[in-house]
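Asker: This structure is in C-alpha cells; I'll ask about it shortly.
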Ligand SMILES: Nc1nc(=O)c2c([nH]1)NC[C@@H]1CN(c3ccc(C(=O)N[C@@H](CCC(=O)O)C(=O)O)cc3)CN21
Ligand SMILES: CC(C)C(=O)C(=O)O
Ligand SMILES: [Mg+2]
C-alpha cells in the first residue's frame with residue numbers, strides 16, 4: 001500500500017464538498033486557486049450559527065465587524081471594539097471544527113500602525129483562536145499586513161468599498177468606477193498581495209474590474225457585490241438567510257426567509273400561551 005499523507009490528501013479535495021475533518025488552512029485556500037475552484041464564505045457571530053454553517057460545509061467563516069449592525073444593534077461597523085470582536089470570535093471558533101475562522105480587525109485597532117495591528121491581531125489569535133485576521137485598505141494598510149504576515153498571522157485584505165470609512169464616503173457607494181479609480185484598485189490589489197495577504201475581499205466593484213484583478217493575482221479574490229468571476233463569494237449571513245430587518249444591498253441573494261419564519265414561530269408560541277394550548281399534557285410532569 002502506498003502511504004498518503006492525510007493532510008496532503010485532504011488538501012487535494014474541494015474546499016466545499018470535501019469530507020476531511022481537520023481545520024481548513026490558508027494552504028488549502030492557496031491550493032484551490034490552482035484548481036480554479038470557487039468557494040463560499042459566510043459571516044458568523046455566535047457558536048450556534050457557526051456550527052450550522054460548519055456542518056453545512058462552508059470552508060471559511062468570517063467574524064465580520066458587520067456584527068456591529070447585524071448583531072449588536074449599532075448603526076454601522078464603526079463602534080465595534082476589540083473586546084466585542086474577541087468575545088464573538090472565540091464563540092465562533094468554539095462552534096466549529098472544520099472552517100477556517102477569520103476575525104475582522106475593527107475600526108481603530110490597526111490604523112495607528114503595524115505595531116498596533118500586531119498587538120490586536122495577536123489578541124484574536126491567542127484569546128479567540130482565529131486562524132487568520134482581516135483588515136481594510138490596500139496600499140494604505142500594506143505595512144500592517146507585512147508585519148502580521150512576518151509574525152506568522154495570515155491576513156485577508158479588503159479593498160474596494162471599505163465600510164469602516166462610511167463617514168468619509170458619506171454612504172456605501174460602488175468603487176473603482178472610472179479609469180483612475182480602476183488603476184488605484186489594481187494598485188491596492190497588487191500591494192496587499194506583495195505584502196503577503198493570502199486572499200483579498202473585493203467589495204462593491206464593477207464585475208469586469210473584479211475579473212481583471214482575479215486574473216492578475218495569484219492569491220484568492222473574495223467578492224461581495226463584485227460580479228461572478230472572483231475566486232470566492234462572501235455574504236453577511238443575516239442577508240443571505242433573510243434575517244436582516246429592512247432593505248438589503250442589491251448584490252444580496254436571499255436563500256431563506258428566516259425573519260418571517262422566526263416571527264411566525266414566536267407568534268404561534270404566544271397564541272398558544274395566551275389561549276392555554278401550551279403547555280399540553282405531554283409537556284407536563286406529575
Ligand atoms: N447587513 C449587512 N450587509 C452587508 O453587506 C454589510 C453590512 N451589513 N455592514 C457592513 C457593510 C456595509 N455594506 C454595504 C451597505 C450598503 C450597501 C448599499 O446599499 N449599496 C448600494 C449601491 C450604491 C451605489 O450604487 O453606489 C446598493 O443598492 O446595493 C452596500 C454595502 C456591506 N456590509
Ligand atoms: C462583508 C464582509 C466582507 C465584512 O467585512 C464583514 O462582514 O464585516
Ligand atoms: Mg468587515
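Just so it is clear, glycine is given a Cβ too, placed from its N, Cα and C backbone atoms.
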Asker: Need one residue: from 28, 46, 104, 188, the one TrEMBL lists with 65, 136 for Mg(2+).
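Answerer: So, going by the record in TrEMBL, that would be 104.
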Asker: What does the structure give for the C-alpha distance between residue 104 (Mg(2+) binding site) and residue 134 (3-methyl-2-oxobutanoate binding site)? Integer Å is fine.
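Answerer: A Cα-Cα distance of 5 Å.
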Asker: Work out how many Å separate residue 65 (Mg(2+) binding site) and residue 203 (active site, proton acceptor) at their Cα atoms, rounded off.
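Answerer: Pair distance, Cα basis, whole Å: 14 Å.
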Asker: Three-state secondary structure of residue 134 (3-methyl-2-oxobutanoate binding site) from DSSP?
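Answerer: Where residue 134 (3-methyl-2-oxobutanoate binding site) sits, the three-state DSSP reduction gives strand.
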Asker: Find the one among the binding-site residues 66, 134, 136 whose C-alpha lies closest to that of residue 203 (active site, proton acceptor).
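Answerer: Ranked by Cα distance from residue 203 (active site, proton acceptor), first place goes to 136.
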Asker: Excluding 65, 104, 136 themselves, which residues in that chain have a Cβ inside 8 Å of the centre of the Cβ atoms defining the Mg(2+) site?
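Answerer: Same chain, not in 65, 104, 136, Cβ within 8 Å: 64, 66, 77, 80, 105, 106, 107, 134, 135, 158, 163, 164.
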